Structure formats: structure tokens, C-alpha cells
Amino acid sequence: MASHSAPPLYVCLCFILHILTSTLAQSDNYIVYMDLSAMPKAFSGQHSWYSATLQSLSKTTTTTDVLSSSKLLYSYNHVINGFSASLTPAEHEAVKSSPGYISSIKDLPVKHDTTRSSQFLGLSPNLGAWPVSKFGQDVIIGVVDTGIWPESESFHDEGMTEIPSRWKGECETGTNFSSSLCNKKLIGARFFNKGLIAKYPNITISMNSTRDIDGHGTHTSSTAAGNYVEAASYFGYASGTAGGMAPKARVAMYKALFDEGALTSDIIAAIDQAISDGVDVLSMSLGSDGLALYEDPLAIATFAAIEKNIFVSTSAGNRGPSLETLHNGIPWVLTVAAGTIDREFGATITLGNGIKVMGKSLYPGNSSLTDLPIVFMDQCHNLTQLRQVGEKIVVCEDKDGSSLYDQVNNINSAKVAGAVFISDYKDLEIFLQITTFAAMFMNSKNGEIIKGYIKNNSTEPKGRIEFKITNVGTKPAPTVTSYSSRGPSQSCPYVLKPDIMAPGDFILAAWPPNLAVAAVNSKFVYSNFNLLSGTSMACPHASGIAALLKGAHPDWSPAAVRSAMMTTADTIDNTNGPIIDIGDNNEPASPLAMGAGQINPNKALDPGLIYDANKEDYVNLLCALNYTMKQIQIVTRSSAVNCSTPSLDLNYPSFIYLLNPNDTKSELKTVQFQRTVTNVGEGMSTYTASVTLPVKGFKVSVVPDQLVFKGKYEKQSYKVSIEGPTKMRETVVFGYLSWAEIGRNHVVKSPIVVTSLQNIEKKITLRLRRGIFHSSVEIASEKLSSSSSSSSSSSTLSTEQNSSSSNNNNNNSNKALLDFKETELRLGLPGSKSAERKPTNNGVSVSLFGKDIENSSSKGCSLSPLKNIVSGAKRGF
């Protein structure tokens with residue numbers, strides 16, 4: 001009898017557990033916007049009101065629903081009027097009926113979007129922005145990122161003064177992080193993951209503290225404000241003294257991005273806390289994809305920041321070179337594009353006849369290959385032949401621009417002594433940081449020299465390769481990188497974005513010493529400094545320079561700081577020609593690619609005139625976007641919004657004229673802009689206008705064309721009229737308006753863009769920009785399928801530090817290189833879609849090119865299934 005009675009009880013229990021599990025699984029995180037004016041007087045504050053609102057849900061939901069127990073995650077004080085909570089669908093519906101409810105959005109996942117750059121930008125310890133601002137002394141930069149490695153030399157506090165008394169932040173204790181790790185440089189460290197844990201209750205946070213086990217946050221924060229470190233380098237490359245843009249500024253880290261994932265509820269909680277703590281600058285290498293401003297939590301949170309006079313610097317994204325790929329098209333923040341600097345890393349091959357040929361390389365292994373035979377293997381497609389080469393230097397030629405990926409992969413499998421790759425692929429740098437064997441890359445012109453030597457040599461041709469060469473002063477520089485995202489903005493196309501360009505290519509900055517930066521053959525290698533590329537690296541450059549300007553001009557508004565950067569930016573490179581766009585066949589760069597130009601901190605210190613803007617100006621813009629009053633209230637956190645003077649014409653230091661792409665016939669049309677400038681120069685001054693718009697059919701007039709100022713802080717207004725056809729052959733045309741001061745050196749320059757691009761699509765994903773390159777070319781699907789068909793044992797994420805201990809096959813070096821923590825995704829083949837990683841009930845899964853790879857552990861660090869396609873990987877994320 002007993003044997004028959006047990007199963008029904010077991011089945012019953014399982015059934016109940018199934019119901020409970022299903023119900024619990026229905027919970028999701030929501031960010032709820034509330035109208036504070038509706039808060040009953042009985043409540044002492046908004047936190048108690050929000051708590052009571054959630055508790056009242058038990059009266060309107062079923063017993064089963066209550067089992068999920070609504071959980072208040074964050075009660076926001078500054079960034080929004082509202083809270084975030086874990087709610088079942090029924091509870092979410094019930095909260096909509098609560099007094100004061102405005103709207104709610106589901107919590108969205110967030111993904112991850114210097115020894116020379118300061119010198120390249122003209123910063124000098126003896127004159128200019130550094131000494132005038134006291135190197136950013138006492139300016140506090142808040143960084144929202146993956147955390148920080150506090151022991152890094154870049155965060156030592158030698159030479160730092162006492163912490164400003166106005167600082168209200170603290171250093172939170174957590175896993176492997178004590179408050180004693182902070183000092184007079186690193187003055188704050190907090191972490192935020194309540195939203196992540198509530199949404200994915202079965203995951204385990206591998207580093208539940210502000211400590212950085214990804215590297216990205218350490219890199220960006222040291223770029224912005226790292227202290228001086230002598231003899232810094234990446235295995236001998238880029239050697240010199242490292243230092244941030246504002247080396248005496250303070251750093252406060254707000255970790256809201258974890259290996260296990262990141263959510264907007266945690267991001268905006270970090271921003272909320274940064275405002276409370278008293279930061280002066282917010283640096284955020286993350287952004288939103290084309291969300292309307294009232295739907296974008298980051299736009300809403302940063303609106304609160306600028307109201308508190310906090311400057312916000314963000315990255316433009318890494319989805320170039322296509323137009324309309326830009327992130328963070330938020331009118332009140334700085335949107336930063338990525339450019340190159342005048343430095344290249346390379347190697348030299350000395351042929352047997354004594355001729356030396358230069359190429360590019362970042363190989364971190366032995367510094368030379370001496371007197372080895374050289375063999376030319378054409379396109380290196382025959383793996384059988386390559387494996388018979390042995391200890392020789394193989395020369396491969398990428399003839400059609402599409403076989404380099406396969407060549408690198410084949411050479412890696414063949415285990416030759418070294419390789420020379422001949423290719424004119426424009427993003428050749430992509431391969432430099434992922435090649436795990438001794439290799440160099442060169443263009444076809446230099447390649448012909450090597451091919452000629454091999455062909456005409458009667459004896460066995462030989463060569464010697466010397467690595468770890470750093471060349472500075474290279475030309476042209478800067479250039480716009482191909483991966484940097486382009487405008488116009490999808491969220492607000494009426495404001496020209498990006499705003500500015502800053503160094504973002506191969507930037508040397510601090511790195512956790514226990515986190516591999518590369519691999520040599522089958523072994524990881526480590527460094528205290530790392531070279532990363534992306535708009536994530538450009539953003540903290542601008543953040544640090546903003547700190548310098550805030551230090552020199554503490555009374556300037558965020559808009560004034562942004563204006564000073566933009567109107568003094570350089571549009572000429574070090575060849576005295578226009579800055580070129582690598583992603584546009586080396587044509588002169590459009591403002592849709594580089595904004596106003598390359599940031600120039602010394603000129604920005606004294607801009608002459610500024611374009612200022614305040615909350616009312618932004619509200620007028622929101623009103624003109626045809627938002628409802630409720631939508632505007634979400635952004636402004638105020639029900640007392642005055643929309644009596646709506647205007648799309650924000651007082652911005654740039655101009656964009658949007659043509660209707662659907663116009664079937666061309667006719668002349670005139671659009672007018674009005675701007676107001678403030679004199680921040682000393683004494684009386686007179687400025688004269690000049691316009692360049694070198695396109696036939698367009699006429700630009702400025703009225704008045706001369707501005708006379710009687711004293712400092714005086715304001716003057718002018719109007720710009722652009723007359724031209726409503727239909728044009730080009731997609732984008734551009735020029736500049738310059739105000740030149742008579743008798744002095746001030747030139748206040750603003751870009752002008754006319755475009756027929758208006759494909760404004762609504763997208764609903766958030767991405768943290770962290771230095772991955774994206775390209776617009778689609779990768780062949782068969783390459784994906786070949787790499788995804790590996791065994792289940794190789795389809796896991798692991799925390800291994802060295803891949804030589806197991807499964808030592810031909811691809812171990814590639815497997816070692818792919819240290820695949822979420823925020824250090826070193827993948828993204830030329831033309832690939834980005835990888836998406838999301839927590840699951842069992843751990844973490846990675847979606848690559850639309851295919852999911854799930855891990856049984858929550859500590860994913862290395863993505864083995866991609867070991868066959870590493871050769872096409874791109875650096876960073």
C-alpha cells in the first residue's frame with residue numbers, strides 16, 4: 001500500500017512547486033514614474049509613499065499573485081520621481097491604478113558599448129588647461145562602469161590635497177573590497193545590482209563589490225583622471241608616463257555593470273547616488289538605441305544631473321561607419337565620437353638583402369624572430385601545405401580584401417614560426433590585438449617589396465622580424481575611426497550629433513593585473529596597462545577635459561562647457577588638411593562623423609563666446625517634439641511645465657537642416673535658426689561672421705553679420721538662414737559658420753549640416769559602449785555555423801586563465817584569447833552583429849549572431865565555441 005500512496009503526494013508537491021515557480025517566474029522589474037504632487041500629506045517622504053503603494057497591491061491582487069511579494073528595489077531621489085520594483089503582471093496592472101501613477105517601463109538590459117593622447121591634444125604642464133585648472137584639482141568625476149581596481153598605480157594619491165569637504169560619498173565594503181582601499185584620489189566606490197538580482201534571482205554575483213573584474217571601468221576611469229605612472233607600457237608598446245586628462249581630479253566609481261549583466265534600474269540608481277554624493281562630472285560609456293527621450297531612462301536621469309550643474313559625457317557608439325547609428329542623441333549631454341592619434345604600433349622585417357620593411361603589429365611575445373627562412377604561400381588557403389612549413393616565416397596575401405580572416409586562422413592552426421600578412425583592408429587594426437602568434441600586417445605597397453625579394457632571390461630567402469616598435473608623429477592624424485557611430489540622432493534628430501571627437505583608438509590606460517590582456521600561443525599574458533579602442537575610450541577623454549574646464553571655470557554651466565569644447569574644436573589635421581574619415585574612403589569628415597571636430601582643451605579654456613542653455617530651453621524643445629504633457633513630465637519630473645514657447649531651435653553650437661526625403665520635386669525653401677551667444681572674454685570685443693557651405697544651390701546668410709560686445713557676460717543674438725532645394729543629389733552636405741574676433745585670436749566655429757536622412761526608428765535596447773568595433777558588412781552565415789557546431793563541452797563559458805591545461809588542440813591560442821567576460825567581449829567579426837549576453841535560470845547565456853550559447857555556471861569568462869573564428873575578432877566591446 002505504501003508503494004502506491006507515495007507517488008500521488010510526490011506529484012502533488014511537484015505540481016504545487018510548479019505553480020509557485022511559474023508564478024514567481026512571472027515577476028519582472030519595472031521603473032515606475034510618479035507625480036509627487038499627488039503624494040498624500042500623511043507621508044513623511046516619497047520613499048514611504050512608494051512603499052505604501054506597493055503594500056497596497058495585496059488588496060487588489062489574487063492570493064497567488066501575492067506569493068511573488070512585490071519588492072521595492074530603488075526609491076529614486078533625483079533622477080526620476082518614482083521607484084523601481086519587482087512586480088508580477090497583475091501587480092503591474094494594479095500599480096497603474098495607484099494615485100500619482102504616470103507611467104512605467106520594463107527594466108531593460110544594458111550591454112557593454114594614456115601615454116600619448118594628452119600630449120597629442122596639446123596638454124602641457126607649463127601652460128594652458130593643465131596649470132590654469134590646477135590639473136583638475138578638487139573636481140570630482142563620477143564614472144558609471146564595471147568597477148575599479150583600486151590598487152592600480154594610476155589611483156595612487158601622491159600629491160593630492162585633502163578631499164573636498166562638500167563630498168558626501170563613501171567607499172562601500174564588499175567582496176574583496178574594503179573602505180580602506182579608497183584614498184585622496186579614489187574618494188568613492190559604490191555598487192548597484194538590486195535590479196539584476198531581482199530579475200534573475202538564481203544567478204550568483206561573482207564579485208559583489210566595486211572591484212573591477214572586467215577591466216573596462218579601470219581603463220576608463222584612469223583615462224579620465226588617472227594619476228601619473230612612470231614607465232607604463234603594453235609589453236613595450238606605447239611606453240612612457242601614463243596619466244589621465246585631469247590627473248589631479250578625484251574619481252568616484254559607481255559600479256552598475258556586472259559580469260552577470262546590467263539593468264537600467266541599477267544604472268539610474270547609480271546616477272541618482274552620484275548626484276547625491278556631489279560629483280561634478282559624470283562619465284558614462286553607455287547609451288540608448290534610438291529611444292524617444294521620455295522612454296530613455298538615461299536621458300531622464302541625465303536631465304536631473306544637468307539641473308544640478310553636473311556635466312555628463314557619453315559615448316557615441318561603435319556601429320559606424322553607417323549613418324544614423326549613433327547612440328546618446330540626448331540634447332543635454334556631450335556625445336563623443338572616436339578618433340585616432342598620431343601613434344602607430346608595428347614591427348620591422350629586415351630581409352636578407354638588408355632592406356627593412358615596416359608593418360603593423362601588437363604581438364606581445366618575444367621581441368624578435370631572427371634569421372628565419374621566408375616563404376610566400378599566396379593566399380594561405382591550403383592548410384595541409386601550411387602545416388608542413390615548420391619554423392619559417394610565412395607571407396600571405398589578401399588579394400580581394402575578404403580572405404584575411406581565413407588566412408590568420410589557418411596560420412594559427414599551422415603553427416609556423418611567424419607570419420607577414422599583406423592586405424589593404426581598411427580596418428587592419430582589428431586583427432592586431434587578437435592575433436596570438438608572431439605576426440605583422442602591411443599594405444600591398446610594402447608587400448610588393450617582400451614578394452619581389454622572395455621571387456628574385458637565388459638562394460633561400462631569409463628575414464628577421466623585430467616587434468614592439470612605437471612610432472609617434474604619424475600622419476595624417478587625427479582621423480575619424482570607421483567604427484565610431486554616425487549621426488543624425490534617432491531620438492532627437494533636430495540637434496546635430498555627435499558633438500565632438502576625442503582620442504579613442506589604441507588608448508593605453510590602467511588594467512587589473514590578474515585579467516589577461518592577450519594570449520601568446522596557448523598562454524594568457526597579463527599587464528598593468530592595456531590598449532583598448534572605441535568610443536568608450538573617447539568618452540573619458542572628454543570627461544577629463546570637462547573636469548579641467550570646470551576647475552578653471554567653476555561657474556560655467558554644462559552647456560557652456562560643451563559649447564567651449566565644440567566651438568574651439570579642430571577640423572584640420574597634422575598635415576594641415578581637413579580631418580579625414582577612414583570609414584568614408586578617406587574623404588573629409590562630416591560633422592555627422594566627428595561633430596564639431598577634434599577636442600582642443602587649451603583652446604576650450606578660452607573660447608571667446610559660448611552658447612548657453614538651461615532647463616527652460618530643453619523644455620521648449622521637448623514641447624516642440626509633440627510629446628504629451630505626461631511624457632514631458634516624465635523627463636522634467638515636474639507637472640508645472642510651460643509649453644507656451646515650443647521650439648525645435650535649441651540654442652546649440654551647431655546647425656542641422658533636415659530635408660524631407662519623400663519630396664518628389666525640388667523647390668527652393670528657407671529654414672531659419674536663431675542663436676544667442678555670451679561673451680566670456682575680457683572687455684569689449686567685436687566678432688565678424690563668415691560661412692563656408694561649398695555646395696552649389698545653397699545660400700547661407702547671417703543677420704547681423706557682426707556682433708559687438710561692450711563687456712564680459714553680455715549676450716547678443718543672431719539669425720542664420722539657409723536657402724536651398726528641398727531635394728538634393730547628396731545625402732549629406734556640410735559647412736561651417738565662424739565668428740572671428742577682430743584684433744584677437746578667438747574664432748568661434750559651428751558646423752552646419754543639411755541632410756535628407758530622417759529614418760528615425762524606435763528601438764528598445766540599451767548598450768554599454770566599451771570599445772568593440774562594429775562594421776556594417778554582414779558575415780557569411782556558413783562561417784557562423786562552422787564555429788557554432790562544436791561539441792557541448794566546448795560550448796561553455798569558463799573562468800579559466802590558461803587554456804593549455806585541457807583540450808590542447810590547434811585552436812587553444814584562439815580559445816585563450818577569447819577571455820569572454822560580458823564586458824570584455826573580444827569578438828565581433830568584421831561585419832558581425834554584436835554578441836548579446838543575458839542571465840538565465842541556470843546561469844548565463846550568450847547570444848552571438850542570433851544563436852544562444854548557454855552556460856551551466858554564472859561566472860562566464862571565456863567563450864569556447866568561438867575558438868574557430870577568433871581570427872576575425874575585434875578588440876574590446
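Glycine residues also receive a Cβ, built from the backbone N, Cα and C atoms like all the rest.
All TrEMBL annotations are machine predictions without curation.
There are 31 other Cβ atoms within 10 Å of the Cβ belonging to Asp145 (active site, charge relay system). The active site, charge relay system annotation in TrEMBL covers Asp145 (among others).
In the three-state DSSP scheme, His216 (active site, charge relay system) is classed as helix. As annotated by TrEMBL, active site, charge relay system applies to His216 (among others).
Using a 10 Å radius centred on the Cβ of Ser536 (active site, charge relay system) and all shown protein chains, the other Cβ atoms total 36. As annotated by TrEMBL, active site, charge relay system applies to Ser536 (among others).
Averaged over the domain 'Inhibitor I9' (29-111), the predicted model reaches a pLDDT of 83. The domain 'Inhibitor I9' annotation in TrEMBL covers 29-111.
The domain 'Peptidase S8/S53' annotation in TrEMBL covers 136-578.
The domain 'Subtilisin-like protease fibronectin type-III' annotation in TrEMBL covers 649-754.
The region 'Disordered' annotation in TrEMBL covers 784-814.
Annotation comment: TrEMBL describes 1-25 as signal peptide.
If you take the Cα of Ser536 (active site, charge relay system) and the Cα of His216 (active site, charge relay system), they are about 9 angstrom apart, rounded to a whole number. Reduced to three states, the DSSP call for Ser536 (active site, charge relay system) is helix. If you measure from the Cα atom of His216 (active site, charge relay system) to that of Asp145 (active site, charge relay system), you get 7 Å.
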